[in-house]
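Annotated features in TrEMBL:
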{"type": "DOMAIN", "residues": "2-210", "note": "domain 'Cytochrome b/b6 N-terminal region profile'"}
{"type": "TRANSMEM", "residues": "30-56", "note": "transmembrane segment"}
{"type": "TRANSMEM", "residues": "76-99", "note": "transmembrane segment"}
{"type": "BINDING", "residues": "84, 183", "note": "heme b b562 binding site"}
{"type": "BINDING", "residues": "98, 197", "note": "heme b b566 binding site"}
{"type": "TRANSMEM", "residues": "111-134", "note": "transmembrane segment"}
{"type": "TRANSMEM", "residues": "140-167", "note": "transmembrane segment"}
{"type": "TRANSMEM", "residues": "179-200", "note": "transmembrane segment"}
{"type": "BINDING", "residues": "202", "note": "ubiquinone binding site"}
{"type": "DOMAIN", "residues": "210-377", "note": "domain 'Cytochrome b/b6 C-terminal region profile'"}
{"type": "TRANSMEM", "residues": "229-250", "note": "transmembrane segment"}
{"type": "TRANSMEM", "residues": "287-309", "note": "transmembrane segment"}
{"type": "TRANSMEM", "residues": "316-338", "note": "transmembrane segment"}
{"type": "TRANSMEM", "residues": "350-369", "note": "transmembrane segment"}
């Protein structure tokens, strides 16, 4: 009776087809757990952000004090704050691993899934940046000033666009109000894109590490649902250890000081998950060139399905490509490290080198794939 209801009811059958009887490749590894982890952390971010918004004031004169109030006087307000702040770091860590798995195993061959995923990355980055500004501390204020001012590099309309975003001739109260409004709305757009991402994924089915035919299938539950629960427990334990023992480890010390437009921090930097792009931005001497390089550091992912057209479905059989991927990962980590360093020798010179390597690597991926296909096939 329960089985027939699970398959006959129109609403329950959708859930059944997506979570219980979903046909899944038999060779999936733990690297396929990160999609479900991202969904859970997205819901936790929306929920914790909703409760934080009850006590937050989007006014430049008291927003900083509203953060102090919810930390000190609201029941478990401190926990909500550290869950939300560190949850963003965990969300991007999982997302970067998820993207890395897609690069390693050739998931970009599924065009609609890949393009919707890159769009999700851009929307998530925009949402996180807007949220970073809301505490209105020193680093929040100056990060908003520096990053939004980059739009002035756009010919003809740049200056007007910046003033429209600011709501005046400088970052101020109108800017904060607008950022709070967009930060509240964007997660629901992200949620809609997640549904599209899943719809496209289930249209053709998930890939697998070997890139083999999808005829050999297992039902999702209990084989992979148990695996997902195990991964969730492990990551949740690590996440709670950070939140309870090192709650401010990912926060900038400058952000515990109220914003002052008359005093500039010695080193302006975004959150750690934007540092790779920030390094690329500041490695280009030209302002408009830096903006283009910054955008291309993420937008280049859109072009991977066109660049990497290999005969095997997975990158598993491309030995050189697999080794090159780990060089790419190390280079990305070094870019993140350089972004946290001050703009001085040797960090500035290293930033230029690693930025060049970052973009050259994509061409290297293409060359390796073409050469191996030409030689061995």
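Cβ atoms are placed via backbone N, Cα and C, with glycine included.
Remember, TrEMBL labels are computer predictions, not curated facts.
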Q: Return the stretch with the most CB pairs under 8 A relative to the transmembrane segment (111-134), choosing among 76-99, 179-200, 287-309, 350-369.
A: 179-200
Q. Counting only residues 6+ away from its ends, which parts of the chain sit with a Cβ under 8 Å from the transmembrane segment (140-167)?
A. 129, 132-134, 173-175, 177-179, 255, 259-261, 264-265, 268-270, 281, 287-288, 290-291, 294
Q.
Between 84, 98, 197, 202, which of the binding-site residues has its C-beta surrounded by the fewest other C-beta atoms within 10 Å?
A. 202
Q | Residue from 84, 183, 202 whose C-alpha is spatially nearest that of residue 98 (heme b b566 binding site), among the binding-site residues | A | 202
Q: Residue list, the transmembrane segment (316-338) vs rest of chain: Cβ under 8 Å, 6 or more residues beyond ends.
A: 100, 103-105, 209-211, 272, 275-276, 279-280, 310, 347, 350-351, 354-355, 357-358, 361, 364-365, 368-369, 372
Q.
If we skip the immediate neighbours and take only residues 6+ beyond the ends of the transmembrane segment (229-250), which ones have a Cβ under 8 Å from one of its Cβ atoms?
A. 30, 33-34, 36-37, 40, 78-79, 82-83, 85-87, 89-90, 94, 271-272
**Q.** Cβ packing number for residue 183 (heme b b562 binding site), 10 Å threshold
**A.** 21
Q | residue 84 (heme b b562 binding site) and residue 197 (heme b b566 binding site), Cα-Cα, nearest whole angstrom | A | 24
